[in-house]
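If you check TrEMBL, you get these features:
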type	residues	note
DOMAIN	292-364	domain 'Sphingomyelin synthase-like'
REGION	36-58	region 'Disordered'
REGION	77-100	region 'Disordered'
TRANSMEM	150-170	transmembrane segment
TRANSMEM	196-218	transmembrane segment
TRANSMEM	230-252	transmembrane segment
TRANSMEM	295-312	transmembrane segment
TRANSMEM	324-344	transmembrane segment
TRANSMEM	350-366	transmembrane segment
Amino acid sequence: MVLDPKIAHNDYGSFQSPGVGASAHHRGVEIASVALPPGDAGLHGHEGDGEGEGDAEGARLAGDMTQSDLYQRQPLLPPSAKNDTWAGGTKSGGLHSPTREYYDDTSGDGLAIHRNGGLVSSTSNGMVQIDMPAPLREEPRFPKEKWKTFVAFLILVINFLITVTSLAMVHERVPDREKYGPLPDIFLDNVPAIDWALSVSEVLIVISVYAVLIVLVFHKHRFIVMRRVFVILALLYLMRSITMFVTVLPVASVTYYCSPKLNSTSTAVVVQRMWQLFQGFGLSINGKHTYCGDYIYSGHTVMLTMSYLIIAEYSPKRCFPVHWVSWIVSVSGVILVLVAHGHYTVDVIIAYYATTTLFWIYHTLANNPTLKQHGPNNFLARCWWFPLFQYFEQNVGGPVPRQYEWPLPWPRWCHGKHPNRNS
């Protein structure tokens, strides 16, 4: 900003003090001429010219500016080094400057003012230079960390293999259907079995999984959400492999086909069964799931419940009709599993409880930074999987926003100036 003394010749008048010329210089800084309000003789410095002339001058200036205009026209003028005055030269005839404690003067022709971390320097030619400190670099609050997402996917695959391994061994321990019928169940005993209901339930599972994939792919922070889904599903599959192995229940359906037992659990047999189950992704509609005994708890219920929770948590809030449809699909799929006598009622209840509890605890920890560390009152940190949680969530800075973007670099017209939208 250049303070041009030429404005002294305009209609606003000039600022002078006794004994000082029309343009005042203080420590090499050229002061702009400004107008003063009428009636303030101590400021315009024409006391000796008579009352009539002073009043006439004040009346002329009153129509052009006010007292606030005076202060607004010189916000960057440096303070006087003598008597704490602006260019008036005397304490009584000049405008009082701000208190000296806010400024640091430098020797020589220049004037340096330190204010709020910045440096304001004034040179003899009237130039005012403001040096601002460099902004601090902030790390992203939601880093992608793709390699962590890949590690989470590997953990999911390993735990799925553990589950099918457990089922491959459990099949040989299933109670003989000729000797042991289905256990008493309040739902199965009162609802006749409908075999096709299990296939419809699995079709609903496939639809729900595709809907979840769409949400994950188009989410801006897709890698964070993906590894959360992978980790939660991995933990659920691991716990399911343990519960189905320790307690083997009789087959709940009298019509469901089970492969004959071989009375052998050799490595070759287990590997062959694992590969068959892995190809079918645990579903019976493709004809690969012919081994029985995987009851506590229901894998169908886990997938249906997990799909709804993901869609409701990470899809746009304005898409509440989609949330309701997802909820109806999940509930219908669970009911159809029971109608087909594919699981006992206790399997469904435990699966729902395990899935929702783990999902809500995980997200409660992830959305509250204070809960990511061990503490005397943080009992959630005593979960056995807490170290795994810390590894994947330590760099995530709070709740993941519901932002979406086109995942591919093409076509370019899909990438607007503001491609992300909060919902």
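Going from the start of the chain as shown, residues are counted 1 onward.
Here the Cβ of each residue, glycine as well, is placed from N, Cα and C on the backbone.
All TrEMBL annotations are machine predictions without curation.
Ranked by number of Cβ pairs under 8 Å to the transmembrane segment (196-218), the listed stretches 150-170, 230-252, 295-312, 324-344, 350-366 are led by 324-344. Taking every listed stretch (230-252, 324-344, 350-366) in turn, the largest tally of C-beta pairs under 8 A with the transmembrane segment (150-170) is reached by 230-252.
Helix, strand and coil counts from DSSP across the domain 'Sphingomyelin synthase-like' (292-364) read 59 helix, 0 strand, 14 coil. Long-range contacts of the transmembrane segment (230-252) within the same chain: residues 149, 152-153, 155-156, 158-160, 162-163, 165-167, 169-170, 173-175, 177, 180-183, 185, 188, 258, 292-297, 299, 302, 306, 341-344, 350, 354-355, 358-359, 362, 385, 388-389, 392, each at least 6 residues beyond the stretch ends and with a Cβ under 8 Å from a Cβ of the stretch. Each residue in the domain 'Sphingomyelin synthase-like' (292-364) has a pLDDT score, and their mean in this model is 92.
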